[in-house]
Amino acid sequence: MQPDLHCRTLAAHTLKHFRALSPLTHCMTNDVVQTFTANTLLALGASPAMVIDPVEARPFAAIANALLINVGTLTASRADAMRAAVESAYDAKTPWTLDPVAVGALEFRRRFCLDLLSLRPAAIRGNASEILALSGMALGGRGVDTTEAALAALPAAQALARQIDCIVVVTGEVDYVTNGQRTLSIPGGDPLMTRIVGTGCALSAVVAASCALPGAALDNVASACCWMKLAGQAAAERSEGPGSFIPAFLDALYHLDVEAANATN
């Protein structure tokens, strides 16, 4: 695995391209995190769109720069809309990202996520329990929470990345980003990131948006993880708890200067 400094150098370079492109990111995400996800993308410089109706989702996925599928509040009708959007993205060669929330805990979403894998996501982002379940190596997880350390799921992530030919992100105290051949580790962040709802889901949206960038997908996705870790650290330094952390986190993303962060670490 390559060191953190390598990722930070990449992250500074990638952030400039991200803000210049402002990827139009079609987010089919869960009801709990819609606003936070949209605000996270906006703060970084992307352009979010929350189009969820089946009639609109299919054509919109074809014109977006990237698509996120997050199954956190999956229903049968929403699954139909998501499948239509993914099929459209696949045909249009729009990169799409899967966030398999609680995939090991509930059979309906497990079958749905496994079915979508045939349509070749550009990236998959999940916690250790979710990646282990999606790879078929284990089932479980406490709802949306992980019962495993990120490193424990790294072999499963690497195997899944090779099988699907995509980037897999396992998040935790240290994030691991792999294409099955190369793996990058991204430490950082702050425990307060786990005390609010939506940081993982928002990261998946940023990962999706980063997949729209030119260049190596592994480096772009690792950069996305680095941005979120750096913003989490910065926000925690000026927060008193979860309530003040959320606006501080959005401000930190908006003002993020990776080059300056590199110089002070």
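Glycine too: its Cβ is placed from the backbone N, Cα and C atoms.
The structure displayed is predicted, hence computed values, not measured ones.
Under the heading substrate binding site, Swiss-Prot lists MET50, GLY198. Among the features that Swiss-Prot reports, ATP binding site is placed at ARG125, THR171, with the record citing sequence analysis.
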Pop the Cα-Cα gap between GLY198 (substrate binding site) and ARG125 (ATP binding site) into the table, whole Å please.
13
Sequence gap of 6 or more, Cβ distance under 8 Å: name the residues on the same chain that satisfy this around THR171 (ATP binding site), in order along the sequence.
ARG125, GLY126, ASN127, ALA150, GLY200, LEU203, CYS225
Do any residues at least six apart in sequence from GLY198 (substrate binding site), in the same chain, have a Cβ closer than 8 Å to its Cβ, and if so which, in order?
VAL32, VAL33, PHE36, THR37
Reduced DSSP assignment, GLY198 (substrate binding site):
coil
Close in space, distant in sequence - MET50 (substrate binding site), Cβ under 8 Å, 6 or more apart:
CYS27, MET28, THR29, GLN34, ALA38
